[in-house]
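Engineer: One structure follows; several queries about it will come next.
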Amino acid sequence: MSEAEARPTNFIRQIIDEDLASGKHTTVHTRFPPEPNGYLHIGHAKSICLNFGIAQDYKGQCNLRFDDTNPVKEDIEYVDSIKNDVEWLGFHWSGNVRYSSDYFDQLHAYAIELINKGLAYVDELTPEQIREYRGTLTQPGKNSPYRDRSVEENLALFEKMRTGGFEEGKACLRAKIDMASPFIVMRDPVLYRIKFAEHHQTGNKWCIYPMYDFTHCISDALEGITHSLCTLEFQDNRRLYDWVLDNITIPVHPRQYEFSRLNLEYTVMSKRKLNLLVTDKHVEGWDDPRMPTISGLRRRGYTAASIREFCKRIGVTKQDNTIEMASLESCIREDLNENAPRAMAVIDPVKLVIENYQGEGEMVTMPNHPNKPEMGSRQVPFSGEIWIDRADFREEANKQYKRLVLGKEVRLRNAYVIKAERVEKDAEGNITTIFCTYDADTLSKDPADGRKVKGVIHWVSAAHALPVEIRLYDRLFSVPNPGAADDFLSVINPESLVIKQGFAEPSLKDAVAGKAFQFEREGYFCLDSRHSTAEKPVFNRTVGLRDTWAKVGE
């Protein structure tokens, strides 16, 4: 199979193939242009994988450009986190990081060119009046009384805006297009507004800032972008994108192409709503493992490879759709099943005493991965007192229950066969200790008399156990589409985080943040980067061993 045949295919790649075949372009140059006013989420990951992936596959270039035209909402903290997320996902931008603010002088010059051509004017309507004059989807707008100012007056007023002669909201520069256009975006859109705010890149040099629609297309052209890819909500904006480039003196005219944005069940992607979750402390920050942010997914234990695989599987189309959470979870589950070393941890512990076990203990050998001998093995301490999970024992049970039952046998993982003899309870009737006997000749082998022991449970030696906090994360919302609720905060899942105190095998004291483990029979977990200490490790559940979403949907 050739390199071209091995590539994923979608309508954007078909356009690129046609452009290259026809000679319209000889190379491919894309860009990823986030606004640095928040943390990237899984939806941005789709755009990152698309833009950087195309550049990678076609041996072209992809720029990282920050659309930093609103100093009030932006911060260098977001710039740094976005760069980190792009690199963590496995991509590298072409050349230096770029900023729309790099082009403020050129953008200002192009605004003056539009004024000189009679295609832009300074408007002194209030923001409320501008909205009122704009009209509706069914009614045309009406012209501003300031629309027919002379070129000379507009130039003077625009210079007054630039030098701080107007208060915020008292004047703006608008394109002179058509107030009766069926497309509201073309009804004399604002090109520049006044903001007396310090900019994280340009300081206090400017008090006028260009709008996204004016900045974006010119930045693309100045950088030689061949294919400007954005989500479907910018479809109507393409008309303004083309209008600006058609009416200024610039040699390059990129084309904009739209694809569907990523919608994921049981979460929200709106930056405003995500910000509300953080500021109202429904979550502990932008990197909370329940958040759909890349930093939250990373802290939860998602790998870059699993997110790239997810973006590959959902594909690129023009149809908006909502992706099931199971699709995302299956990608990380497959990745970790293949690559995560195994370990034992008991999440809901109950003491088990082996009454006929002699000696202080021994070491048993366990494979780090059942199907990958190259991952080696480890020595795990075993003793006569162990912790098992409370759910792995019943005093009475039917034949379907394959774990430990009073009077019956079960195998301890990679250790011995044990038999439950009796229990001890507290005053409330809760089991505090299970007393067992063991068959000393069954260390990692079947009983000599041929009897069959079907169940296998995991365990941790009590004398060697590492106390751990285990955070069981679940979906953040209790309904598939929380954004459709009258109050999305009212459908937050109260069980989205359950904290347990358990015990783990001592090898996990060497765990590092970002490396996942399969806790045998429990799920996939990783060390929490924020709350863990050497004395008390904290592990986050990344995903369960099986798909729990099928049941949720029933």
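Here the Cβ of each residue, glycine as well, is placed from N, Cα and C on the backbone.
From Swiss-Prot, here are the annotated features:
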- 34-44: motif ''HIGH' region' (MOTIF)
- 35-37, 41-47, Thr231, 261-262, 269-271: ATP binding site (BINDING)
- Asp67, Tyr212: L-glutamine binding site (BINDING)
- 268-272: motif ''KMSKS' region' (MOTIF)
- 317-324: region 'Interaction with tRNA' (REGION)
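Would you situate these features in the structure and describe their surroundings?
Structural biologist: Beyond the motif ''HIGH' region' (34-44), the same-chain residues lying 6 or more positions past its ends with a Cβ under 8 Å from any Cβ of the stretch are 66-70, 73-76, 78-79, 81-82, 85, 200, 212, 261-264, 269, 271, 274-275, 286-287, 291-295, 297, 307, 310, 328.
Non-local neighbourhood of Ile42 (ATP binding site): Leu262, Leu264, Met269, Pro292, Thr293, Ile294, Leu297, Ile307, Phe310, Leu328, each in the same chain, at least six residues away, with C-beta under 8 Å from its C-beta.
With a cut-off of 8 Å between CB atoms and residues at least 6 apart in sequence, the same chain places Glu35, Asp67, Thr69 near Tyr212 (L-glutamine binding site), listed in sequence order.
Here the motif ''KMSKS' region' (268-272) is broken down by DSSP into helix, strand and coil counts: 2 helix, 0 strand, 3 coil.
Per-residue pLDDT, averaged across the region 'Interaction with tRNA' (317-324), gives 91.
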Engineer: What is the three-state DSSP composition of the region 'Interaction with tRNA' (317-324), stated as helix, strand and coil residue counts?
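Structural biologist: For that range the per-state counts are 0 helix, 2 strand, 6 coil.
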Engineer: How many other Cβ atoms are found within 10 Å of the Cβ atom of Asn37 (ATP binding site), counting all protein chains shown?
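Structural biologist: Taking all protein chains shown, Asn37 (ATP binding site) has 16 Cβ neighbours within 10 Å.
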Engineer: Got a sec? Which of these binding-site residues, Thr231, Ser270, has the most Cβ atoms within 10 Å?
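Structural biologist: When each Cβ's neighbours within 10 Å are tallied, Thr231 leads.
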Engineer: DSSP on Thr231 (ATP binding site), three-state: which is it?
Structural biologist: strand
